[in-house]
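S.K.: What follows is a structure written as structure tokens; I'll ask about it next.
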Amino acid sequence: MEFEVKKTFGKARLGVMKLHHGAVETPVFMPVGTNANVKLLTPRDLEEAGAEIILSNTFHLMLKPGVEIIKLHRGLHNFMGWKRPILTDSGGFQVFSLPKIRIDDEGVVFRSPIDGSKVFLNPEISMEVQIALGSDICMVFDHCPVPDADYEEVKEATERTYRWALRSKKAFKTENQALFGIVQGGIYPDLRRESALQLTSIGFDGYAIGGLSIGEERSLTLEMTEVTVEFLPEDKPRYFMGGGSPELILELVDRGVDMFDSVFPTRIARHGTALTWNGKLNLKASYNKRSLEPVDERCGCYTCKNFTRSYIHHLFDRGEVLGQILLTIHNINFMISLMKEVRRSIESGTFKELKSKVVEVYSSGGVNV
């Protein structure tokens, strides 16, 4: 892959990644399609929203449908009908989020969330699966510590992440895919620095900031991001794993981060909350019952062009899945539009003004929450 920083505004960067399935402008938000689909959306919905790259999950696809089924389709792109770039997570986040039977230097034995059977995953298996999936960007297999881990536990996870990164790179034998390293270190600046230096000494196509936005205070999220970015190379993309709220993304862009993913926009849509340029909007609330306004007057998505707040409120009131679909369409369109505005503002030198507005309306809870 190739990455070029075209312009900067402070630490905020306007760039472009050239990947096997196309170019991706940064800063970029990646909708999450864990099981080879973004919940409730078709690939055409994503294309119409302007999504340039999506994320899928190695661990879950390894379980169902299984690598052999995806190989029958000659890769994940054909399997899910998506022609643009894909990033696959390595399964490392599941070290933190799923029940584990055993974790040591060799790898992790999980309890399958599907049938309770034992599943073994290590750097070599993760690389083998991601190569078979054919994703444009693959992630090293890492050890993401739990939020309440003490210093020694985080240190052990950080050292293991380094050893697993070495093994991941050694096992990554492919030409058309990129491999990103993942920096760990929890909320400890010295471990963040150590991890960043270790990963950059190996050399990867890009670097992710992992193990944050998992329950720690926002101030710590931002502080640890600053510490990490300081030791990452200028000529490689930087990816904050799991950051998806508008105000957090703007804060992170201001600190030099280029890539983001989260289930946040789609998850809150399924629960009746829309993201707008004035903050969050609760479509379940009774004050929308008679509203003839669109979800967001500034939005040109299918939902906002064709339906009123009143209608979407009615759909949620009656438990109709169409309400969830329409808000998911809108929220993904909003996030893609937000990132376009971020890129324009870096280009035009107005990023600070955009950031101030977005942080203000979302940090205050927005309107009609």
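In case you wondered, yes, glycine gets a Cβ from its N, Cα and C as well.
From Swiss-Prot, here are the annotated features:
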{"type": "BINDING", "residues": "D89, S90, G91, G92, F93, D142, Q184, G211", "note": "substrate binding site"}
{"type": "ACT_SITE", "residues": "D89", "note": "active site, proton acceptor"}
{"type": "REGION", "residues": "242-248", "note": "region 'RNA binding'"}
{"type": "ACT_SITE", "residues": "D261", "note": "active site, nucleophile"}
{"type": "REGION", "residues": "266-270", "note": "region 'RNA binding'"}
{"type": "BINDING", "residues": "C299, C301, C304, H330", "note": "Zn(2+) binding site"}
S.K.: In terms of Cα spacing, which of the recorded positions S90, F93, Q184, D261 are within 10 angstroms of C299 (Zn(2+) binding site)?
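M.R.: Taking S90, F93, Q184, D261 one by one, none has a Cα falling within 10 Å of C299 (Zn(2+) binding site).
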S.K.: Going along the chain, which residues at least six beyond the ends of the region 'RNA binding' (242-248) come within the CB cut-off of under 8 Å?
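M.R.: Distal contacts: 29, 93, 212-214, 218, 221, 257, 260-265, 275, 335, 338, 358-359, 362-363.
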S.K.: For Q184 (substrate binding site), which of the recorded positions D261, C301, H330 has the nearest Cα in space?
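M.R.: Given the candidates D261, C301, H330, the nearest one is D261.
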S.K.: By a simple count of other Cβ atoms within 10 Å, which of C299, C301, C304, the binding-site residues in the record, is least packed?
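M.R.: Looking at the binding-site residues C299, C301, C304, the Cβ with the fewest others within 10 Å is that of C299.
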S.K.: Where does D89 (substrate binding site) sit by DSSP, helix, strand or coil?
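M.R.: Reduced to three states, the DSSP call for D89 (substrate binding site) is strand.
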S.K.: According to DSSP, how is the region 'RNA binding' (266-270) divided among helix, strand and coil residues?
M.R.: 5 helix, 0 strand, 0 coil
S.K.: Considering every residue in the region 'RNA binding' (266-270), what is the mean pLDDT value?
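M.R.: Its mean pLDDT is 98.
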S.K.: I'm trying to understand the geometry here, so how far is the Cα atom of F93 (substrate binding site) from the Cα atom of D261 (active site, nucleophile), in Å to the nearest whole number?
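M.R.: Cα-Cα distance, F93 (substrate binding site) to D261 (active site, nucleophile): 13 Å.
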S.K.: Quick check: of the binding-site residues listed here (D89, G92, D142), which one has the Cα closest to that of H330 (Zn(2+) binding site)?
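M.R.: Minimum Cα distance from H330 (Zn(2+) binding site) across D89, G92, D142 lands on D89.
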S.K.: Please give me the CB contact count at 10 A for S90 (substrate binding site), counting all chains in the structure.
M.R.: 29
S.K.: Using a 10 Å radius around each Cβ and counting other Cβ atoms from all shown chains, which of the binding-site residues G91, G92, G211 yields the largest count?
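M.R.: Ranked by Cβ atoms within 10 Å, first place goes to G211.
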